[in-house]
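J.: The structure under discussion is supplied below as structure tokens; questions concerning it will follow.
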């Protein structure tokens, strides 16, 4: 799992503001239009790339890159000091009357030793990090995705962590983030191809505080289709009392790689495309939003010629934009309905 290149410690890479007005200076974040409440960073890597190419005369490529730059994307918070970036991003979003989408990504033994390994040195350090993250929100609100892969990796057999401690830390994060005003909190639940039997996640998600969250996030940094992800979300919802879910649709326009050939199918696969644009207009009762949680164009890791995890890779971004099929989310609404129909015969927890 590859985080964004802007870290929680990078205050200077956020908005550059050194002081912030009181929370009362901002309108309630529930006001944005129902189908587009999310904030778009005007200084993203994609926006800078588009401007550079346009200045260099690469107008066609710049126009393609603007398909990414013009869409709201999540900010991954994964450095030791989350407060400056959390504060800067939520402040910028509030000023625009929108909500930032944030990813909390600092759990100890993050990514189980893979490309994005790291995280807090200890459980105590993580709790302090979560406290700082939550405090920096004030009452500006945000959509918060909690620790991509953290539950699924334990269920899949990661030996670097103790399950009980991992789940307790995730539950702590859920509770602290939900204690802040105007937050919507989604605990990550992997993707439909990783642990196909959704019932296997149920007890772990319960132990991790999912019932106190707004729901779960699915397909983060992966390529499973909206339809497959919706079915998976409905299966989980049945076993978890009707919980809601969000889907990362940033790079799933062509679905997953048909077959891996010596390299993990999730790591910089060729021929992929941008997916459904971020929206809360999903057509599904329990599907709250399509989000671009993984930033299109940021590498999954040093595979298939890519740079380090989270590093900007303009050639890959250009391919994703070039392969796009349809920017209108009507098909996504069909996907949500298909997912609900497919879940009618969903396997139950065992």
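Glycine is no exception: its Cβ is also placed from the backbone N, Cα and C atoms.
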J.: Which is it, of 303-326, 327-350, that TrEMBL names as region 'Disordered'?
T.: 327-350
J.: For the substrate site that TrEMBL assigns to 194, 222, 266, 294, 298, which of the candidates 76, 129, 235 is also assigned?
T.: 76
J.: To which of the residue ranges 1-45, 136-180 does TrEMBL assign the term region 'Disordered'?
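T.: Checking TrEMBL against the ranges 1-45, 136-180, the region 'Disordered' one is 1-45.
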J.: When you tally the Cβ atoms that lie within 10 Å of each candidate's Cβ, which of the binding-site residues (76, 266) has the highest tally?
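T.: Highest number of other Cβ atoms within 10 Å: 76.
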J.: Roughly how many angstrom lie between the C-alpha atoms of residue 266 (substrate binding site) and residue 149 (active site, proton donor)?
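T.: Cα to Cα, residue 266 (substrate binding site) and residue 149 (active site, proton donor) are separated by 13 Å.
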J.: With every protein chain in view, what's the tally of Cβ atoms within 10 Å of the Cβ of residue 300 (active site, proton acceptor), excluding that atom itself?
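T.: Taking all protein chains shown, residue 300 (active site, proton acceptor) has 26 Cβ neighbours within 10 Å.
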J.: Quick one: pull the CA-CA distance for residue 194 (substrate binding site) versus residue 149 (active site, proton donor), whole Å only.
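T.: Between the Cα atoms of residue 194 (substrate binding site) and residue 149 (active site, proton donor), the distance comes to 10 Å.
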J.: Let me know the largest Cα to Cα distance in Å among the substrate-binding residues 76, 194, 222, 266, 294, 298, as an integer.
T.: 22
J.: In the structure shown, which of the recorded positions 149, 194, 222, 298 has the fewest Cβ neighbours within 10 Å?
T.: 194
